[in-house]
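Positions annotated as FAD binding site by TrEMBL: B:Arg207, B:230-231, B:244-248, B:261-268, B:Asn282. The domain 'Electron transfer flavoprotein alpha/beta-subunit N-terminal' feature in TrEMBL is assigned to B:4-186.
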Amino acid sequence: MRIIAFVKYVPDAAGDRSFEDDNTVDRESDGLLSELDEYAVEEALQIVSQAGDGEVIALTVGPEDAEDAVRKALQMGAHKGVHVYDEDIEGSDALSTSKVLAAAVRKVIEDEGDVDLILTGLASTDALMSVVPVQVAELLGLPAATQASDVEVNGSTVRVRRDGDTASQYIEVALPALVSVTDQINEPRYPSFKGIMAAKKKPLEDYDLEDIDLDAAEVGEDAAYTEVIDITARPPRQAGEIVADEGEGGQQLVDWLASKKLV
Amino acid sequence: MSEILVLIDHADGSVDKSSLELLTAAKSAGTPVAVFVGTAEAAQQAAPTLAEYGAERVLVASDPALTEYLVAPKAELLASLVESQQPAAVFVSASPEGREVAGRAAAKTDSGIITDAVDVTPDLVATQSVFAGGYTITGKVVKGTPFIAIKPNSISAEPSQGAGSVEEISFSPSDAAKTARIVSVEEKPASGRPNLTEAAIVVSGGRGTNGDFAPVEAFADAVGAAVGASRAAVDAGWYPHANQVGQTGKTVSPQLYVAAGISGAIQHRAGMQTSKNIVAVNKDDEAPIFELADYGVVGDLFAVLPQATDAVNARR
Ligand SMILES: Cc1cc2nc3c(=O)[nH]c(=O)nc-3n(C[C@H](O)[C@H](O)[C@H](O)COP(=O)(O)OP(=O)(O)OC[C@H]3O[C@@H](n4cnc5c(N)ncnc54)[C@H](O)[C@@H]3O)c2cc1C
């Protein structure tokens, strides 16, 4: 069982996220392994340990600091790390990013052997790229089962539960496949001291575009499929009217709603 | 006028409101053409509504494989229609499925995609709200056929009669697309309340409910609202995850959002910040939720909500 877990380095959601002058997301500021990807790493580790043998390869595409995201996955227990970085990748949009990830997966397969499963977290916290996982699956010709709240691998198939609004669906997919998992699926482990020490000795490959055999013309800002016209910081909301409840708060609330024709 | 394909969401022929919104957006930018996946009977039932909201044509694809497998067959369908119909754009609802179908179809047709648009102009410039609503971006697809996923509730659906002529199209997905099979479906008991992402009003409860959602539900029912919950309430097992609002739950954009006993963490705001009116009930006057509130009551939700419920009922 060989699993690739996509991990992503994201601006820290708790800090202020911003855009740089060239309209790309400021990824230099304090960042970390997307919390949502920890669920994918955890699930990968559990599946491999249930299978009895295999390995988890944590893969990231991103600036130099993105190595931290891979490092964190290695500390959690992933066996190998891959960090794809090339100046030319900067400014890539969703489809170009998907092309880089797909090419990186092909490279891993070439070097390490067949991959059974690709696991990803939910849409990244910066939300501009929510279609990347399915686009990677499309480019690799793989089936995808997204938003899994439960994943069970049985031999050559994987069974997934997806919890929707009005129903839960059970999906069966033949391996190899791509599966994205929700934050309901498990409780990601914290790296242990031993894990942190061991991670320092684990292999971490650095690839650039040439290594993964992707033409620079296919990525970056110039190759983008979408163009940003304008970015504006949302004006802070007008301070609202705040009242203290002195026994009439519910009534006052409804009077306000009525004045706005909301009830 | 150039055609815009609109992927319709429906339950056995009863069309989702979000699809009518897509038709309205398509009408302002071109000629709406509905793409309907389902049986011929369901299509007959849906066609008058689709026509009323501007669909000139209703393309019906009824191969059962389209609904027996996840996403990939519908993505093939859209890609093949992009090829055969040469539309100016493809609109889908920014639901998880809509986004994925469009994402795959965009990759197949080497096209750009914009997701979570809250507005689209007649020349296909889309507006998105990102980083928990902190920024507004306008952008355009510059390669291939633009795929745009529009958030429910962002555009108001306006009737505008179209011909609505129904055309059966023969399309069968390839074997390669028939890989993620839906083997069973477990229906959840219906709440009888409006759908969270489509509701005009959402009333949400958080940790402050201390596990008792009764006052939240009673107020929601009085105003005809859907019920939402913060992650703290969901993680505590007080309310189902399907009702979670926020970064790892649903994004809602109703006319009115009421947050009761919710502090207003950034991850919660990510799911509700674009609501038109925000009301907060919280006993801590320093709770960050008050920074976004158009109206706030500093008080105990167990006193404020029941009184508000009575006041709404008294207005009838
Ligand atoms: C990766 C990640 C994803 C996340 N995704 C989401 C998400 O999708 N949605 C989400 O909501 N959160 C999400 N969170 C969690 C988020 O950070 C907060 O922890 C959560 O929103 C807090 O929920 P709360 O406001 O109900 O609880 P608290 O922050 O504990 O706030 C409870 C509030 O209730 C008030 N209160 C208490 N008693 C009463 C009373 N009787 N009457 C009135 N007010 C009262 C308190 O003053 C307090 O302000 C996510 C976190 C992470 C790390």
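Any Cβ shown, glycine's included, is placed from N, Cα and C.
Caution: TrEMBL annotation is automatic and unverified by curators.
Projection of TrEMBL feature records onto the structure.
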{"residue": "B:Arg207", "record": "FAD binding site", "contacts (Cβ under 8 Å, 6+ apart)": "B:Ser230, B:Ala232, B:Ala233, B:Ala236, B:Gly261, B:Ile262, B:Ser263"}
{"residue": "B:Gln244", "record": "FAD binding site", "contacts (Cβ under 8 Å, 6+ apart)": "B:Gly228, B:Ala229, B:Ser230, B:Arg231, B:Val234, B:Lys250, B:Gly271"}
{"residue": "B:Ala265", "record": "FAD binding site", "contacts (Cβ under 8 Å, 6+ apart)": "B:Ser230, B:Gly246, B:Pro288"}
{"residue": "B:His268", "record": "FAD binding site", "contacts (Cβ under 8 Å, 6+ apart)": "B:Gly206, B:Ser230, B:Arg231, B:Val245, B:Gly246, B:Gln247, B:Ala259, B:Ile262"}
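Candidate binding-site residues B:Gln244, B:Gln247, B:Ile262, B:His268 yield B:Gln247 as lying near chain A, with Cβ-Cβ distance under 8 angstroms. In three-state terms derived from DSSP, B:Gln244 (FAD binding site) belongs to an extended strand segment. Cβ neighbour count for B:Gln247 (FAD binding site) (all protein chains, 10 Å cutoff from its Cβ): 23.
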